[in-house]
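Remarks on the structure that follows.
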Amino acid sequence: MPDIVWKVTVLYFTTILGFCCCFHTDVNPEDNPNIPAIAKYLATKGRYEEVNPHLIDDILAVNRSILQPPSAQCREIHLTAIIRHGTRYPTSKNVKKMQKLYELVKSSAAAKQSWLREIQTQWRMWYTEDMDGRLVQKGVDDHKHLAVRLSKLFPTMISEEKLRGGFIKFITSSKHRCVNSTLSFKAGLTGLWAITDKEFDHAVNDALMRFFDHCTRFVEEVDNNPSAVSEVDKFRQGPEMRRVQEKIADRLRVPYDNITDDLTEAAFDLCAYEFAIKAVNSPWCQLFDESDAKVMEYATDLREFWKRGYGHDINSKASCALFHDIFSRLNKAAGENKSGQQVTEAVTVQVGHAETLLPLLTLLGFFKDSDALTSTNYASQTQRSFRTSHMLPYAANLLLVLYDCGGGELRLQPLLNEKTVTFPGLTDQRASMPLYEDVKKHYRELLQGCDFEAECQLFKPPADV
């Protein structure tokens, strides 16, 4: 699929963005009355700041000491960033459910608490179906701020010189929230360096950033197949979720039958969107205590596990094209560096979706627990690593940074949400920045195989002769 190149008129910021190389680590969101008590359980609708609480005090704070290259000789030669879009409005489907819940609460809830009176007399249903997942101002800021932080974390890579010289490439999904996130990322850089005399392109490439739409086997066997997520349906009808629904009904003083699993999800979404978009601790959040929020988070994790994660092999194999694209860029940078040339693509910024990032993380083996998530093992999964609240907030990002450490030694460092992580299975003393050759050996089978066309072909039984 050919890339479509878009030209962008960059924006000029009159605000000077300050630099800070350290941050306080004593921020406690639980002491802030404007932050819901359940904020850290909001799964894929959570803020990036809950994953990195130091940003609450200083949204531009970075800590370069986390990089810790094994020697002073190491220098970055290439950086790939795969980034989820920023904070968005709810989809039209979610808005319909939220409207239904609001009408029920306004007309039928009989409890007397002040938070309920606030919903019934002051709060207005301001979400409309035409918002349909569009980027909000907070989402614009998510990407502007991320761009500035990454320029501070990697100043030799994400620099004005590299941007002006065409060494930073931008690729995005065609969805408006991703295109606008890409524009915002670029605007963060051009505002930082007060660039007003030059335009920068980005390419729309859904084959890479929305590969899941192009993988026939995934679409047929998982996305359009209700039985593929049967564990999710069982959990939504199970005892943990039923108890959450009953507690909501008790808090509202409405009959238990009135609160369905869909309306329970709508209530959780209302809390999440009000907080993510408007930074308010909404009265809707009062419908959940911490134990309820953990159940709701697990319901989301369960869905993502079976629909995008380890639940089905094709979920991750659908990302083969993106996987190979990343390593071809790394190999190209390594080859140019070895031959003494300037690396022609120093930085690649690729903006997509949670559905872009999670299959790739799964293919690479990150966040794999010993037991699969199921409808019946909620209690034993409290310490699971597969937790979307930590992995996939708005503006979630996977960075792969290639270093030349001298003497032909190349190393690759992965970071998730601006924190160092280790490639699963690579556990030597320098696991956070292993030799690039060791990384390639570790993923040898995927690099030699993982053919998108072959994996995504829908296999049909041979016709009877």
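Cβ atoms here come from the backbone N, Cα and C positions, even for glycine.
Cross-referencing CYS405, CYS450, CYS456 with TrEMBL gives CYS405 as the cysteine bonded to CYS74, criterion being a recorded disulfide.
On the backbone, the CA of CYS405 (disulfide bond) and the CA of CYS271 (disulfide bond) stand 47 Å apart. The highest number of surrounding Cβ atoms within 10 Å, among the disulfide-bonded residues CYS271, CYS405, is found at CYS271. Set side by side, the disulfide-bonded residues CYS74, CYS285 differ in how many other CB atoms lie within 10 angstroms of their CB, and the most is found at CYS285.
Here the C-alpha separation of CYS285 (disulfide bond) and CYS74 (disulfide bond) works out to 47 Å. Taking only the Cα positions, the spacing between CYS271 (disulfide bond) and CYS74 (disulfide bond) is 45 angstrom.
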